[in-house]
Amino acid sequence: MNNLSSFTTLDSNPLSKPHSFGPYLHGPIHLQRPRNVVVCSVKPSIATPSPLSVSGSPNQGLSRIESLTQVSGVLGCQWGDEGKGKLVDILAQHFDIVARCQGGANAGHTIYNAEGKKFALHLVPSGILNEETLCVIGNGVVVHLPGLFKEIDGLESNGVSCKGRILVSDRAHLLFDFHQVVDGLRESELAKSFIGTTKRGIGPCYSNKVIRNGIRVSDLRYMDTFPQKLDLLLSDAAARFRGFDYGPHVLKEEVEKYKRFAERLEPFMADTVLVVNEAISEKKKILVEGGQATMLDIDFGTYPFVTSSSPSAGGICTGLGIAPRVLGDLVGVVKAYTTRVGSGPFPTEILGKGGDLLRFAGQEFGTTTGRPRRCGWLDIAALRYCCQINGFSSLNLTKLDVLSDLPEIQLGVAYKKTDGTPIRSFPADLRDLEQLKVEYEVLPGWKSDISSVRNYSDLPKAARQYVERIEELAGVPIHYIGVGPGRDALIYK
C-alpha cells in the first residue's frame, strides 16, 4: 500500500467560497499530492459530447428508470458506503418488490423521505418508504430479530407502515446477541491483525451457517426443538471462548425471549423463494438491494479483510433463490472518491490532514457504527475489477458535489509493481497490494457549488470531464450522478 503521509500542497491559496464542499463542510480544504506515486497528465478534454452525454430532465430520468429490466439490482463497487440506499429508494417507486439478498445489520443505508427526514436502515430494504413496495429479506440474509423489530418500531413511529409490507425468508439464519459477543471476543483475540468488523455478529452467524449448526427463521415454528439447537450453539461458544459466560439461566432467558419473538415474527415469515419466483412469473418488477460491496466480497474482496457473504452479482441468485437467466440490469454504485472502514489494504488512501478534511467534507462516518471512514482518491483499477466481476450495465456516481472545491482531483488509473511492471488485475495477495504503486491522472477541479444542478449539461466543464473520464476508463456508462443527500439531488445522464 502506498504511504501517503508525505504531501506537497496542490494549492496554497485559500478558496474564496465561504461554503466549501457544498452542504457538507464550511471553510476551505486543500488535499495534497503524495510524493511516492506515479502521476501522469490526463488526456485532453473531449471537445464534443459523447453519445452518453445527454442533459438530464424529469423525462430523461423516467426513461432511464422505466427501461430497467424486470429483475434489476443495485450493488456496491467499492468497500461499501457508496450511497446504494438512496438510489434504491428512488428506483423503488417503479418496482413492486425490493429485496435484500445477503449480509445483515452490518449494512447501513441512509435514505430521506419527501420531507427530508432521515432514515438509517440496516435490515429493512430501502424501498420501505414507498407505500406500494413489498420489502423482502431473503434467505441469504442473517437476521438479528431485536434489531429488526427496533427498525420496524422506528419506522412505524415515524408514520411508515410496515404491516403486510415486509417478508422475512423462513430460510434466513437467525443472528443472536451472543454472535455479537463472539464477534468482539474474536476481534480481541486477533489483536494487531484484527479484521475491523462492525461487531454485529455477522461472521460468527455465517460461520454457524456454513458448519451446519445454525438456526433458521423456520425453526421458530417448532419451539419444542428450538432450546436444544440453541443450547448447542451457546455451548460451542462457551467451549471456544474463555470469556464467554454461559449457564442454564442464560438458555432459559433466551428461549423465553425467542418465544415472544416467534409470535411477533409470524406475520412476516414467508417462503420468499416462492414469493419472488411467483412475482417473476406474474411479470412484476423486482429490485435487488445489495449490502456492503464487491471489494468486501468473501471471494473477490481484500481477503481476509472482507465481509462473510457475497455482495457481488452471484450472491443475488443464491441469496434469493432465483435463476441466473432472470437477472437483467445491474447498476453499480461508486463514490466520486473512495472510502473504506476497518482494516485492510487501501491503495489510493489519503493519510493525514488531507484524508481528515475529505472525511468531514463528505460526512464519512458509518451509518451502522459511526466509525470514521478512511478516505482516498477514486480507484479506477479496483472499479474496473468490480465491473468485470458483476457485468454492470450502468453506474451511479455519488457524492460528486463533495469534490466541488478542489483545485485538482486525482484518479488512480492503474497499478504497477515496484519495478514498474503493470499489474493487469486486482491482486489477491495482501503483500502485493501493500507494495504496489498507483499511477494517477490529475484532472482540473471545477471549484463551484454543483449541489443545485439537475441537468447534466449544466455541470461545469471540468465536472463533466471528470465523469466522462471515469466512464472511459471503467468502460461502463454513468446514468446517475449524485450531487447531494436528498432524493432530488440526482442528475440523470
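In case you wondered, yes, glycine gets a Cβ from its N, Cα and C as well.
Noted in TrEMBL for the protein shown:
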{"type": "ACT_SITE", "residues": "D81", "note": "active site, proton acceptor"}
{"type": "BINDING", "residues": "D81, G108", "note": "Mg(2+) binding site"}
{"type": "BINDING", "residues": "D81, E82, G83, K84, N106, A107, G108, H109, T198, R212, Q292, T307, R371", "note": "IMP binding site"}
{"type": "ACT_SITE", "residues": "H109", "note": "active site, proton donor"}
{"type": "ACT_SITE", "residues": "K209", "note": "active site"}
{"type": "BINDING", "residues": "T367, T368, T369, G370, R371, P372, R373", "note": "substrate binding site"}
- Out of G83, N106, G108, H109, R373, point to the one nearest K209 (active site) in space (Cα versus Cα); all of them are recorded positions in the record. N106
- Note on the structure: Looking at the binding-site residues G83, G370, P372, the one with the fewest other Cβ atoms inside 10 Å is G370
- Where the distance is taken from Cα to Cα, which of the recorded positions D81, G83, N106, G108 turns out closest to P372 (substrate binding site)? D81
- Note on the structure: If you measure between the CA atoms of N106 (IMP binding site) and the residue listed as 'active site, proton acceptor' and round to the nearest Å, you get 11
- Item | Cβ neighbours of Q292 (IMP binding site) where a neighbour is any other Cβ within 10 Å | 32
- Pairwise Cα distance for G370 (substrate binding site)/G108 (Mg(2+) binding site) [Å, integer]: 10
- Task: Could you list the residues of the same chain, at least six apart in sequence, whose Cβ is under 8 A from the Cβ of R371 (IMP binding site)?
- Result: V341, G342, F365
- Number of other Cβ atoms within 10 Å of the Cβ of T369 (substrate binding site) across all protein chains: 15
- Going by Cα-Cα distance, pick out whichever of the recorded positions G108, H109, R373 is nearest to G83 (IMP binding site). H109
- With T369 (substrate binding site) as reference and a Cα-Cα limit of 10 Å, the qualifying recorded positions from D81, G108, H109, Q292 are G108
- Query: Which recorded positions from the set D81, G108, H109, Q292 come within 10 angstroms of R373 (substrate binding site), judged by C-alpha positions?
  - Reply: D81
- Quick one: pull the CA-CA distance for H109 (active site, proton donor) versus D81 (active site, proton acceptor), whole Å only. 8
- Message: On a simple 10 Å Cβ count over all chains shown, which one of the recorded positions H109, K209, R373 is most densely packed?
- Response: H109
